Each structure stands twice: as C-alpha cells, then as structure tokens.
Amino acid sequence: MASSQVGDMVNGNAEPTRHLAKFPPSLWGDRFTSFTLDKQLWDKYGNEIEVLKEQVRSMVVAGGRKAAEQINLINVLERLGVSYHFEKEIEEQLEQLFAKFEDNEDYDLFTIALHFRIFRQHGYKMSCDVFNKFRDSNGEFKETMSNDVQGMLSLYEATYLKIRGEGFLDEAHAFTIAQLESLVGGPHLSSDLSEQVMHALKQSIHRGFPRLEAKHFISFYEKDASRNETLLRLAKLDFNQLQLSHREELCHIFRWWKELDLISKVPYARDRAVECFFWSTCAYYEPQHFVGRAVLTKIMLLLSVTDDTYDAYGTYDELKLYTNAVQRWDVSAMDELPDYMKALYRALLNVYDEVERDLAKQGRDYGVHHSKEAFKEIVRSYEIEAEWFKEGYVASFEAYMKNALVTSTGRLHTTSCFMGLEADVATTEAFEWILTKPKMVAASGAIGRLVDDVMSHDEEQERGHVATGLDCYMKQHGVSKQEAIVELYKMIENAWRDINEEILKPTAISMKLLIRVLNLSRISDVVYKYVDGYTHPEIIKDHVISLFEDPIPM
C-alpha cells in the first residue's frame, strides 16, 4: 500500500518522490459545523411517538391474527424502521410462528417467500423445500410465477438470505432478476410498483443501509391503499426525531474533527468526517448508541488517515518507523518520527485516551485494549503491503488474502463497534470471540476488501499501488481482468452466504452483536456498489443528505 521513494536523491535532504493520490476534498465545508436542536419539536415528536408505540405494541401482541397477517405486520414494522421499539415482542411472536409453521398449500409465493426471509433474518433456518410447489415436474419454475409480480419480488428479496449449498436460491435469484427486469417500465406494472421493483433491483433489503431503506419504504408505503395510518405516522415521526439526534451528533463530531485540525498537517489524506459518521450510523442507528457512533467514527477517521499515509504518502523507511511507534504505543516513540507523522501519532494516542476515559465512566472500557491491538495488527499488515510495493512483488492470491483480511479492518471495526454497546451485551466474552477469527468477521472483511479492490483498481494502479486482489488473481491464474472480477464477485457472494449462515440459530454469540457485523457488511455493499464512494464521496452525497438533512414531510 505504500508509496516508495522513486529515483535517486540529489542529496540527503532531498524530498523523496511520493505517489500522491490527490484525493477529492471534503464536500461539506462548514455545512455541519453548527446545529441547534429544536427542543420543542423534539418533545412534540417524542410525546406522540410514545402514544403510538403503545398502540402498535398492542397490535403486535394481540391474538386472533392469522400467521400470514402476523408475519406481514412484522415485515412492515421492520421495513418502516420502527421494529427496534418492539424487539422483545417480535422475537416472542416469531418463535411461536416458526414452531407452528406448516407449508400450507393455500400460501402463495409472496407469503411463503416472506416467511422465509423474515425467519432467516431472525436466525430461524427455514428449508428451501418450502418453494418446491412452485416448480413443475421438470424442476423448472412454473410459468404462472411470471405473472405474480409481488410474489416474484418477495422471492427475489428472499434469495439474499441463501447459504452455501442452496442451489435453488441461486436459480431463483437469476430467474427473478430476469423476470423483474423484463417487467420494469412495461404495461403490466403500475408506476408505483415499477418504482419499487427498480429500487429493489438496485438495492436489496437484506444488504441495504437500514435507515435509508426505511425511508425508501415509507415513501412506498404511503401510496399503499392498504396502509395502516398508525404505523405510517409512527414511522415518519420516528425517522424525523432520530434524524434530529443524528444531526446533532454529526455536528459534535464535525466540530471535534475541525478542532483536531489533523488534515492541515497531513493534507494528502482523505477528509471524511461526515462519511465516517454515515458509516457508523449504519452499524447502529438506534438512539441509545450515540456514544458508540462517536467512538467508531473517531477510530475510523484515524484509520483512514493512517491508511492514506501508508497508501499515498509515506516512504518505506518512514512507514517502518511509524509501524514500530504504533507497536510501542508510547508518547516517547514520537521523537523518532518525521513531523507529519508526529501529528498523526499524537492524534492516535490522544483519541484512544479520550475514548478510554469516556467508556470508563460507564464501566465498559475493557474493549479498548482489544481495539488498540487490532489497530497495531492492521499497521503491521500495511507495512507488509508497503514492502510488497517497494519490491514490485505480486503475492499469490492466498497470501494476499491472508494479509488483506487484516487490512480490510473487519477485526478493528467489529471490536470498535462492540465498544459502543451496552456492557451486558458486549461482554468480555464477546471481545474474546473476535480473537478467534470467527467466520462472520472474516466474511465481512472479505466483502469490504474484495469489492473495494474491484472498484478502486484502475485509479490505484494509475498512480502506483501495491498489487490488489484483482492483480494477484489475474497473475496467478492467467486470466483477464474481467474474468478475475467475475471470480472475485463469486467470492463476495460466498462471503455473504457465510454471514447468513452465522446468524442462524444456535449462534456463537448474541444476535445483538452479530447484527452489528452484518450492518458493517451492508455499508460496504452500499458505498462500493458501483464505485469507491468513500474516496469519491459525491457518489453517496445524496444518501448523506437524505439521512441527516431531509426530513420526511408529515
């Protein structure tokens, strides 16, 4: 990842040639520097939300509703983004529904696929056999399916919960995409349904940013003739109130970052405070996790600048000094560093000290050590890539991935994310679980690493960069770039299968923790879907504005 010294130095004081990336600047100026929370509006939203929550809670636990109606209610609550208010009630209902589920011949494709998706999302391993009745004697999908747009859409979304060995869901995925794409814009779909289909094809429910997908669904649900006005009202109020909270938090983070003034000392680095907070909000959006969002954002910002230092500025000799300093984690190590690295190193130590003090007040600072160790590990792996780049070495794909699963930040992000959760959820055992290199964390890291390798490949190679996974695979297997991309995306899909399998019961740790790893995987899908949206933030600018600035009209 490092820039190397190119050419001979004229003398010992000459500045080495550096492969500067010339990253796009921050988009935001002082846009998020100030924000005053409207307390009156906040209280107004909050008072009505509490009333509506009790009404909806009564709906969830009320008896007499058919299973299909109950599963649909749970689906609507989740897609509207308000299910986090009713987690206990929903889990109790799903446990009963799964225990009593029968493959009723009266259930249509929409209902079966909905059951499958909801059960799988909550860890219940429903068999793919429930879809057998939608295949003919030759094993082909029945022709009547093509006319059931809602059923096809429901099945399409369900296929994203597949695990390894479920060939039927692979076939169903390809089939539903082909059918839905052929219907978009045609005479058989209303404009509203066509809009839903187009959005689903662009972004699935399971891999989407939860809060953004909730906002999209609210706009669709509002046009649904069968909508429940109580649910719709609660969803709008909840989104807008939580948006106010997030906007206030973002203002605090943005000001903190400006006051830290690190970018002025390392101007080669990406200035991405807003984007890092956006990322953290995907990991956990719920109001009680405000400390976690701040902690994760700060650590991500430091890692981002560290990444750019190894990737686009530091010489190999400078980077070795920095790696050693991080391993020591002691202020005295600063004396050995170049001036620009001193600023970064000082910020690293100070921010972790600040985070540790804040978490100690709540009795949950025991995770900080694990985060520091993960940071040290990443820096060691950055140095390995720096050496590869200096030597012009193209590693085997296996050797590359062994190192890349560290630089993908899966362990660091997961550890830092857990630090922001309640002590009774993120226990010492949870942090020890991360040390076992669990399949889910590795899969999450692989998704982020491989999709980034594909999306940023051309730009990175143009300026000079260590061989990526794409390059390593091409060389080792003697294939074209396009062929290698196909293979890497197969690996990404298998990583998603592993994540889906890891959330099936019985799980290694609490689902409240696993959902955070899933969310960290989701943000990779959103940010790197078509291009590197972190390096080029204009790609996700509309998402940021939608999430933090634009309220839903009441």
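For all residues, glycine too, the Cβ spot is worked out from N, Cα and C.
Annotated features in Swiss-Prot:
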- D307, D311: Mg(2+) 1 binding site (BINDING)
- D307, D311: Mg(2+) 2 binding site (BINDING)
- 326-330: motif 'DDXXD motif' (MOTIF)
- D452, S456, E460: Mg(2+) 3 binding site (BINDING)
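Swiss-Prot feature annotations superimposed on the structure.
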residue	record	CB count, 10 Å
D307	Mg(2+) 1 binding site	18
D311	Mg(2+) 1 binding site	26
D452	Mg(2+) 3 binding site	22
S456	Mg(2+) 3 binding site	19
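Note: the CA-CA distance between D452 (Mg(2+) 3 binding site) and D307 (Mg(2+) 1 binding site) rounds to 14 Å. The separation of S456 (Mg(2+) 3 binding site) from D311 (Mg(2+) 1 binding site), Cα to Cα, is 13 Å. Mean per-residue pLDDT, taken over the motif 'DDXXD motif' (326-330), amounts to 99. Broken down by DSSP into helix, strand and coil, the motif 'DDXXD motif' (326-330) contains 3 helix, 0 strand, 2 coil.
Here the C-alpha separation of D307 (Mg(2+) 1 binding site) and S456 (Mg(2+) 3 binding site) works out to 14 Å.
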